[in-house]
């Protein structure tokens, strides 16, 4: 890299959007135009960065968050596509090959490993590693080993290096699905990246979540690989120990995107000390180098250099560019450029890739295995993923079986006469509609980051995964579909022939797969789930309306008729109808006109079958005539349609694969701080004045920091007064066991200890030792077999324990739409007793904001990573949320320094120390404590493998007590400048490859220290229990506040999340607005003929069907709040779970009422029906108010009874299909089996539909079109009116030509109420139905 600079669009400071921006759209547009120039403002991401990393070298990249370390690695790896408006200048080459050419032809050799651990959670560790190894399996292997031997050898190699052998059969998991520990998941990520076999690795904070010993082993493993294989490694490490630092050859230091040093690791410290900065005692070199870039960092300045050393990023950069070290670097780069043989490098790469590529791989492809092998491997992985998540498949299959029984029995043995024709069409349409609804459940975005990572690793084409997912999921979908069609087909009494059955089976399968692929194609085009659900909702409407069941081809308007031809369901429905009705003779039954009293002996030529497709004088209707007249269908098109569906299926699959392959990730301009609406200008002015002051007084600030650093660290600030704990927490012989495939697995083994007020206890151990498990067990957050005693002041814990303790989780989970201050205020109000005045709570919140130094971003929205708070700010918020609850018993913290740089980690631990000195009791797990961090703790609990205690006791001054314990029990002597934490972990054999002879858990059990601790615990229990027996149960309430108080504040929080989630609100608005227009203009001017009555029915039916995609939207949004509550808020007993559901419901209502009003206007009036207020207002009341009240509640009820969102989508499809089946639209109640008529009465959709249709049809005169009239001849000498007069005394309809003596034209309906009666509805039921609803 030579003089590389990167610029991107400056989105670092944004103002959050709200729904108010839409309500005030004109002003929003004007404001947007005014700020257009600022939106295009560029910011420096990297400036003038140079580096020479030779083969076999390791380069450490240091800098604070926001310094540009990640951007530096991405630039080096060629992963700059996510830089919005990014402009890269300078020169980047790889042994002489320019970066552009490298990315085109040799990309697999450059690997970027991101900080986040994204994996398929339901795959095991073994399956995850095997897949990565298989994708990079060379065609020519050493000693001609088999593929299986190659995979096994490599898997065991990586597992041994990173200590993953014992986790092979454990799921990888994620934040919401249990699996391996966070540290083990990071090791899986590292092993997977190494399996990608790059020659240049860019590791972004790869040691995050690893304990010190494993982090060191990682560094040494990379060191070994660079030495043996000649690879190059660029690594960012936020908390690097001295041992880790010494494994690197070179180091570069970044400060606000500027490079301030690049050279050998042995020279960096001298460079900055010569500059004037001194390294404090026992501070590692990496900490020292990072601290220099922090104005508030822990560093000292040589006497006399206070006003000479650089302070700002620009000053540091200028010093570096003028230094002899920089000149030497430039010289080395120029020399290497002249020495490198580019052509030889290309030849080597080409030869290597040629030997590795398997047969069938394209010559220009940079993937190792062929495209077909990629599909095979991804398909196998797909089967394993589905098998690992059995609940979805089980729910899907059970739903299909249940739906088949219900629908089949609903249409049980449909009449073979004309009376059953509509039912037979309905059951076929419904089967297609059900699997269309199921297709909505396949819209998912959770795996997109994994595909992007694997694309970076060059494991496989993203399109290969798209094709493989289709293949792997097909058999599992077929299980449910097969049961569905068998049960439905025979219960409904469809055409009993093998040919017809298998034709139906084939057509339903083909259509189901095509529609599923269509929805997956839609999702591959979209950036967000809300966006995909909105588009899918409109597609769903198209599928339902233009299948030709609801509105037939002759009735379609030309502006939308084309839609019918581009959807597979239209062709499937035609072919299924042909298979069912071809050659069928349908007896007219009760549809002969005239008939009844007085017409018993009438001749056949004087009657007609009042049914579509009838012929004069014929008492039956041929199925082919019916299809031709009603739908314009021809039997000869049956297998033509099958071919067309094949084309649709292949087309959708191919398009999805193409979109997946070339879809770019969402671009960004780096971390963006998003502030609350209306606060941007004030905050910008504050920041501007602050920055100016810092620049003018930088040297004074640095000198102040020197004085602070040298002051007494144990001084207690008055800010922390009132934070003291009031109880002693004791745990004795705590064990935790979970079920395992091999029996019971013990994760904790007789762990004992205690926390007293005023102490800071460290919980340390290697990754997977059980640190988080112990923390969760003590905090009452684990589910399993727990034995032992956990006592508060010597007594068993009561219901108030959870709310009296604070728990800072490793994952920083917060409500994205709230500001930092609002998040803290909500926690304070929910966690502290209601008796405390609100003003006092808010004052305390301000105090915590000041303590944690969050004033600068207190009005910023939490947002998401990259578009909201950064990692450090999120961690501070996580701690603050617990502190404002003022836990009076204990504060648990799980890895509070994970993901932070050394300076941020130092600030967090120092703050914890001050809390402890103020009287707080703290138990904290920590992975990579430096010497300076470790010595801030008072007491240590050390866990070994299997959750066994190795040490519990005082750490001592300069860690003397704990060091003395290990040295006297056989460990080597600890060096004076050695990190005690690393020494301890090394002594006990922590790490993947380490081993020791001593049995440290056994040594502890037999030690004098263990006896003393046990005795002390017993004495404490005895003394405390005797002094606390007089306490009352006033604290034992589960919640700190009343239900009504919780309701008020949870409702307020929920309303803010809706108001500020513009993407969700806009998606909802677009769905209802576009759907309204779509329905309105599909059934535009329904007319007064008979088909207009049917169209009116289906227009109302489709208005109800809108609830399906709208329900998916509601559930997708509610899932975010539900998961946050389950993972964090419920564990602290903040508020009752029911309030989450109730407040979400109440906040959905106003938006649905507004948007359903838009839907009403855009759909009702285009129909050309009654516009007087007496009808339209009641229609509005029924649909835009009552119906919205109903299905919002239904959506939330289903979600809260489901294990996850995907399962909820399946259940929604099942329940809505159930409700729509029995509402009377596709099967009139008169044709339902007697058993199911209760369900017709029980379904709320029945009454909604009856009201909507009744308002449209009551007193509406009907005038049949010419083709709707049925013709017959009266007896000789009689007119049509005279002949049919007795019939109309009890029959419906009218004669269009009563004075004619031949060709009597009969219309089936005279007024809309007659059609209502046929579907068992009546306008008179209107207010009765309102009561039922």
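The backbone N, Cα and C atoms fix where each Cβ goes, and this holds for glycine too.
As written in Swiss-Prot, here are the features:
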type: BINDING; residues: 765, 766, 767, 768, 769, 770, 771, 772; note: ATP binding site
type: DOMAIN; residues: 30-281; note: domain 'ABC transporter 1'
type: DOMAIN; residues: 729-971; note: domain 'ABC transporter 2'
type: TRANSMEM; residues: 13-33; note: transmembrane segment
type: TRANSMEM; residues: 392-412; note: transmembrane segment
type: TRANSMEM; residues: 425-445; note: transmembrane segment
type: TRANSMEM; residues: 474-494; note: transmembrane segment
type: TRANSMEM; residues: 534-554; note: transmembrane segment
type: TRANSMEM; residues: 642-662; note: transmembrane segment
type: TRANSMEM; residues: 1071-1091; note: transmembrane segment
type: TRANSMEM; residues: 1092-1112; note: transmembrane segment
type: TRANSMEM; residues: 1150-1170; note: transmembrane segment
type: TRANSMEM; residues: 1178-1198; note: transmembrane segment
type: TRANSMEM; residues: 1210-1230; note: transmembrane segment
type: TRANSMEM; residues: 1235-1255; note: transmembrane segment
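The ATP site is defined by 765, 766, 767, 768, 769, 770, 771, 772, and by the 8 Å test on Cβ atoms against their centroid, the other residues of the chain that qualify are 181, 183, 211, 773, 943, 947.
Around residue 765 (ATP binding site), taking its Cβ as the centre, 27 other Cβ atoms fall within 10 Å, counting all chains. The stretches the transmembrane segment (534-554) and the transmembrane segment (1092-1112) meet in space: the count of Cβ pairs below 8 angstroms, excluding pairs fewer than 6 apart in sequence, reaches at least three. Neighbour counts of Cβ atoms within 10 Å were compared across the binding-site residues 767, 772; the minimum falls on 772. The Cβ neighbour count for residue 768 (ATP binding site), using a 10 Å radius over every protein chain in view, is 27. There are 25 other CB atoms within 10 A of the CB of residue 770 (ATP binding site), with all protein chains counted. The list of residues near the transmembrane segment (1071-1091) in space but at least 6 beyond its ends in sequence, with Cβ under 8 angstroms from a Cβ of it, reads 533-534, 537-538, 541-542, 545-546, 551-552, 555-557, 559-560, 1098-1099, 1102-1103, 1106, 1109-1110, 1113, 1155-1156, 1158-1169, 1260-1265, 1268, 1307-1309, 1315. In this chain, the transmembrane segment (392-412) lies out of contact with the transmembrane segment (1092-1112); the count of Cβ pairs under 8 Å, excluding pairs fewer than 6 apart in sequence, is fewer than 3. Residues of the same chain lying 6 or more positions beyond the ends of the transmembrane segment (392-412) and with a Cβ under 8 Å from any Cβ of it are 386, 423-424, 426-427, 430-431, 434, 438, 441, 476-477, 479-481, 483-493, 1206-1207, 1210-1211, 1213-1214, 1217-1218, 1221-1222, 1227, 1231-1233, 1235-1236, 1239.
The list of residues near the transmembrane segment (1210-1230) in space but at least 6 beyond its ends in sequence, with Cβ under 8 angstroms from a Cβ of it, reads 392, 395-396, 399, 402-403, 406-407, 410-411, 422-423, 426-427, 429-430, 433-434, 437-438, 440-441, 1097-1098, 1101, 1104-1105, 1107-1108, 1111-1112, 1115, 1194-1195, 1198, 1201-1202, 1236-1237, 1239-1240, 1242-1246, 1248-1250, 1318-1321. Shown in sequence order, 943, 944, 945, 946, 947, 990 are the residues of the chain, 6+ apart in sequence, with a C-beta less than 8 angstroms from the C-beta of residue 769 (ATP binding site).
On its own chain, residue 771 (ATP binding site) has 763, 764, 765, 894, 925, 943 as residues at least 6 apart in sequence with a Cβ closer than 8 Å to its own Cβ.
Following the DSSP three-state reduction, the secondary structure of residue 765 (ATP binding site) is strand.
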